[in-house]
Amino acid sequence: MSYYDNILEIDSNLDGNGLCIGIVMSRFNIDVSEGLLGACTAELTRLGVQEADIVLTTVPGALEIPVALQKLAESDRFDALIALGAVIRGETYHFEVVANESARGLAAVGREYNIPIANGILTTDDEDQATARMAEKGGETARVAIEMANLVLTLDEMDQSAPT
């Protein structure tokens, strides 16, 4: 932490040591999902999360991700959760429904259980766009999960040490 003109600033913290991360991955558009997963887990371990502290579960599609995240959140075992998948535009309105409802579900679970959830569900016009974005987005979700887990832990510590 640093002080700037008498304002306490909480620095970002990308140290994954000691964190437990849950990942829910959609099996729909599996090649893209696995690309996201590979980049995500590589970045998690590079930042210090132990493989034994990463739990992966898979679900049929993006709409099922929030339910699995909710069950992981209920376990109170995880410091942060990650959602991975790809919703690729088709010729029907279904794309918008899946993209919007999966994102809404992630946000609802995060708020209800007070747990950070990194959204790695790609929404693209075609498979080429998804393939082009999967490596960067996979790594980004790992960094978001670690940074937000550490922020929540820091804020919890500050709350506990505050005078009552």
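Backbone N, Cα and C define each Cβ position, glycine as well.
Database features, via Swiss-Prot:
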- H94: active site, proton donor (ACT_SITE)
- F28, A62, L63, E64, A86, V87, I88, N119: 5-amino-6-(D-ribitylamino)uracil binding site (BINDING)
- E91, T92, R133: (2S)-2-hydroxy-3-oxobutyl phosphate binding site (BINDING)
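Locations of recorded Swiss-Prot features on the structure.
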residue	record	DSSP (3 states)
F28	5-amino-6-(D-ribitylamino)uracil binding site	coil
L63	5-amino-6-(D-ribitylamino)uracil binding site	helix
A86	5-amino-6-(D-ribitylamino)uracil binding site	strand
E91	(2S)-2-hydroxy-3-oxobutyl phosphate binding site	coil
N119	5-amino-6-(D-ribitylamino)uracil binding site	strand
R133	(2S)-2-hydroxy-3-oxobutyl phosphate binding site	helix
Tell me which of the recorded positions E91, T92, H94, R133 ends up closest to E64 (5-amino-6-(D-ribitylamino)uracil binding site) in space, Cα to Cα.
H94
Which whole-number value in Å describes the distance between the Cα atoms of I88 (5-amino-6-(D-ribitylamino)uracil binding site) and R133 ((2S)-2-hydroxy-3-oxobutyl phosphate binding site)?
12
Would you identify which of the binding-site residues A62, L63 has the most other C-beta atoms lying within 10 angstroms of its C-beta?
A62
Residues F28, A62, L63, E64, A86, V87, I88, N119 binding 5-amino-6-(D-ribitylamino)uracil per the record - widest CA separation, whole Å:
16
Measuring Cα to Cα, how many Å separate N119 (5-amino-6-(D-ribitylamino)uracil binding site) from R133 ((2S)-2-hydroxy-3-oxobutyl phosphate binding site)?
14
If you measure from the Cα of F28 (5-amino-6-(D-ribitylamino)uracil binding site), which of the recorded positions E91, T92, H94, R133 is the nearest?
H94
Taking only the recorded positions T92, H94, R133, which one has a CA atom nearest to the CA atom of A86 (5-amino-6-(D-ribitylamino)uracil binding site)?
R133
Let me know the most crowded of the recorded positions, choosing from H94, R133 and counting other Cβ atoms within 10 Å.
R133
Which of E64, E91, the listed binding-site residues, has fewest other Cβ atoms within 10 Å:
E91
Express in Å, rounded to the nearest integer, the largest CA to CA distance found among the (2S)-2-hydroxy-3-oxobutyl phosphate-binding residues E91, T92, R133 named in the record.
23
